[in-house]
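Noted in TrEMBL for the protein shown:
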- 332-396: domain 'SAM' (DOMAIN)
- 401-473: domain 'U-box' (DOMAIN)
- 8-39: repeat 'WD' (REPEAT)
- 50-91: repeat 'WD' (REPEAT)
- 146-167: repeat 'WD' (REPEAT)
- 235-276: repeat 'WD' (REPEAT)
- 277-311: repeat 'WD' (REPEAT)
């Protein structure tokens, strides 16, 4: 069971990344800020928000000890902060000033890897703050990176679709074309797995991309043998580009977030779906497991961060049913409705709904009057909560039935005034105008836009109008 226990809504723009230490949660946003919270009660710390970046903050991460917090931005820099008091310790300028898309700390001793839109990557030493090594991928922007557990190797992912393995001297050891249209994120589990064929210990790596796929790999890091990357499997649970992935601290679960607004938690060993979470209303851009507890954080373009408590001893039927609800809620049985109620933290109503034989079709037809008069739910607040969850369920059904080409890639909502940008994709005019007011890159490819001109897509607008007419008949 995955229970939503808290929602953070302090950012005023897209949430781009979230990261845990043993006692803190950090989030960063296109609103140029980094916010830091206590895991004790999810209260924002007195020194938060952290200010200093001139443009959107794309990524944040803690050092292994949790004492250092790093952030990186479109302004071409990475910043280092003291997580105990919020002091800014250093500003690390990327060579050439290219927007820095991703940053990661190595295991102790701490070093910071920063990757930029021009494909450059810099390995920074910590105390003193200096560039130790630098390199560049052969093609595309740096979008993802992850260190091996011993810190002697790291992997990068680029917008060209490549996964590249490097040693800590910035020597390129291996390159694999992994995802069509680009890699968006990657992570390496700290727990080794045995390979029965040769007796070596491999580590599991996950990568995701614009091709809607989450892939699992086995990777061998050996100073005397070099490195080896073996494809394991593809997890195809998402229906749109997958923007984020992360392993749990024990390596037994992998979580992913997508443009389809869903978060999916898989069992690593089998690839089975454990939970599907669909509470975000826009793209899910980031997800992270806490290191020493069953907490999961997910962030979105809806400007919120959801905190989830995972009860690994409980069955996940409720979440599975919610995922299935996108196909045919009206065909749910009474037991399916009960499972859905539990997944929505409405367990107190299970007995009442069963007593009144509420199945999927009855559930969708419930109104505030029937809740009050037929089910005798006296509390206005409880009736409103139930109706809100039912309305979310209805909206989920509608959004799935809409042809994908009619949905704005930014909002994932039906377009009313579609326009074509110079990247060749169509967007809702208002959403795209808001996007380019803060950045000059494509929402779909992350590549620079050659022009900010938006051309009305009248053909698509007519097609949407005709489709709407058929839905009203």
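The backbone N, Cα and C atoms fix where each Cβ goes, glycine too.
Using the rule of three or more Cβ pairs under 8 Å, pairs at least 6 apart in sequence, the repeat 'WD' (277-311) is in contact with the repeat 'WD' (8-39). Proximity of distant same-chain residues to the repeat 'WD' (8-39), defined by a Cβ-Cβ separation under 8 Å and at least 6 residues beyond the stretch ends, is recorded for 45, 47-51, 53-62, 66, 69, 71, 73, 81, 83, 86, 285-293, 295, 297-301, 303-307, 438-439. Only residues 6 or more beyond the boundaries of the repeat 'WD' (50-91), in the same chain, are considered here, and those with a CB under 8 A from a CB of the stretch are 13-14, 16-24, 26-36, 97-105, 107-108, 110, 112, 114, 116, 124, 126, 129, 438-439. Regional average pLDDT for the repeat 'WD' (277-311) in the model is 92.
With DSSP classes pooled into helix, strand and coil, the tally for the domain 'U-box' (401-473) is 28 helix, 12 strand, 33 coil.
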